[in-house]
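This report concerns only the one structure given below.
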């Protein structure tokens, strides 16, 4: 089974077998055994701090243990779920800095989710290092794909005396572990039903029976029984009726047959072209039953339009890991952003020691990182998750000499990936497309002359003075810097210019000349209705690129709402990627589809010069496709405990459904909270939303732990474009605040997006 939201109901049938064995898919696996036995590795923190430490996987197959010499914590552990990736070789800042290139093959790094520091390690030889990397990757993948393993692990923890049986006391402890509050009477009732042997403990098949009772989903029974009209099962025709009538899909008998073949677990039923309840649940938990339209998961949009016709996933002050004043700068921040398909990263460049340019937040005490090292990291990771172009937004404060070195590094390290001249033999009149720019890196920065100078033999100027004001969010207006020709010449399609008004830009600037807007200026232009400012902004973005950046006052690296910027067609809406927030959830949702490639095609009414679209004053036009969005929040599954420090803490979950889009569409509605049940809460609440411009609307689910005395805690969230929602009964995956999948958790909903009457 290879789905983060795999059905517990099905997998639980294996529980009584798995209780004392390894995860399904890894039984007898040599790599798993290698990790369970463990071995000694060198932990590296600095050139002088390199210590031998013993590492091994614990019996739960989910936790890695390592010894610590500190007296107050002899043993340390971390969860396999906390690992973002395992990197082979000297691929972290620490290993590059503190180890010799000769040990490249012996090194590897464990990269954690969030802000936890990397774990840099060295094995005794290359073969051993390869074994650790491949074994960790295998276990990480297998564990993340088995939602039942979490519940088995909870059961093991509850089995205090490790006799592979469960007493009533252990059963109560187990229920608390999986976030279910059950009163003593009900716990005893379940226990007695399952204790067929009257032994006072559950074992083997009795544990299976206990799980069957616990994981029974009444809402699935109701849906299945309504359509299972053939000997108590769904025939191919029954399933087709469900797909047509409930899911509102344009399905055929062949589609229904493929689903049975793919998801039915009972071979006898499969031969009859039937789907059992177990098979039906399997289908609902996979991509065909997900809220996200599977057709929108790969790259499905036209990628041959000019570059400025797309929203572009963009990062602000990318080098920062934390706040804007004193936190660390790191190449790791670029790697994290690029592997999340960010396609525009920022580099604040300053003169460094020994003639080497550095990147940091000027006039602060943030740490510095070498410009050269950042460019190497970008070269290595720019196209790991997306083939589409990356823009390097340079904020240049360097002397001419160090600028020349910057240009040298960009050209020598990036090589053929760097765009150093316009495409074609004549002066272009429009941007190339993302498709044409696949695998390419563009430089955004100042240029000494117009682009057409390349074609009219007027590109001989050696250096000159340019305004710095558009590049530096916090510098004084009018400040000038000298610009080296070598750096100027590699600015092709993204020349930074001062914004002096839409008319001036239209009359004086080429398509390749773009402006950066501080958020306050951009919001003033985007949200002003009546004087046609927002319409003018939209038309400006039909021809040119616009970059938006957070206010300098956001020293804690907070973010602004990106939606109003997208509403007026701004492409490069730069956010602080390091800060988990609602704004980053919206950004993740906006770029969730189209292969998560970092580019989303703007609606036609934001690309057509004849359009008079104004998000603030809605008039009739092709953008007005009024819809009524009906949603029923039915149930939740395996919502995690928030306060794990409180032994008896059980969540009281509620669900909020939010719409973000044009001002007329913004709305939020909330269910009641369910007391003491994060395992299988049922809400069955209906909401209705009126949508005016669906192509700009985002749907966000927020699950919170209700609290009467303090702000609610976030349990999980999920965001996606409204136009990518599938109708019918659907499962909604849940993500953490940082945007990582919560393997076992989800919502079950019914949705219907219909033309308004």
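Start at 1 and count along the chain as shown; that gives each residue its number.
In case you wondered, yes, glycine gets a Cβ from its N, Cα and C as well.
Taken from TrEMBL as is:
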BINDING   43-70, 444, 446, 516, 547  substrate binding site
BINDING   317, 346, 348, 395  Ca(2+) 3 binding site
DOMAIN    146-181  domain 'EF-hand'
DOMAIN    182-217  domain 'EF-hand'
DOMAIN    487-607  domain 'PI-PLC Y-box'
DOMAIN    607-736  domain 'C2'
CARBOHYD  197  O-linked glycosylation site
SIGNAL    1-25  signal peptide
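Mapped onto this structure are the features recorded in TrEMBL.
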residue	record	Cβ contacts under 8 Å, 6 or more apart
43	substrate binding site	50, 51, 52, 53, 66, 119, 120, 121
47	substrate binding site	97, 98
55	substrate binding site	38, 39, 40, 41, 64, 65, 66, 121
197	O-linked glycosylation site	206
346	Ca(2+) 3 binding site	315, 316, 317, 318, 319, 393, 395, 574
348	Ca(2+) 3 binding site	317, 319, 359, 360, 361, 362, 395, 397
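All protein chains considered, the CB of residue 63 (substrate binding site) has 16 other CB atoms within 10 Å. Other residues of the same chain near the Ca(2+) 3 site, with their Cβ within 8 Å of the Cβ centroid of 317, 346, 348, 395, are 316, 318, 319, 347, 359, 361, 393. The most densely surrounded of the binding-site residues 59, 67, 395 is 395 (count of other Cβ atoms within 10 A of its Cβ). Within the model, the domain 'EF-hand' (182-217) carries an average pLDDT of 78. Within 10 Å of the C-beta of residue 317 (Ca(2+) 3 binding site) there are 26 other C-beta atoms, taking all protein chains into account. Over all protein chains present, the Cβ of residue 51 (substrate binding site) has 12 other Cβ atoms lying within 10 Å. The Cβ of residue 444 (substrate binding site) lies under 8 Å from the Cβ of 344, 391, 392, 393, 394, 491, 494, 495, 496, 514, 547, each on the same chain and at least six residues away in sequence.
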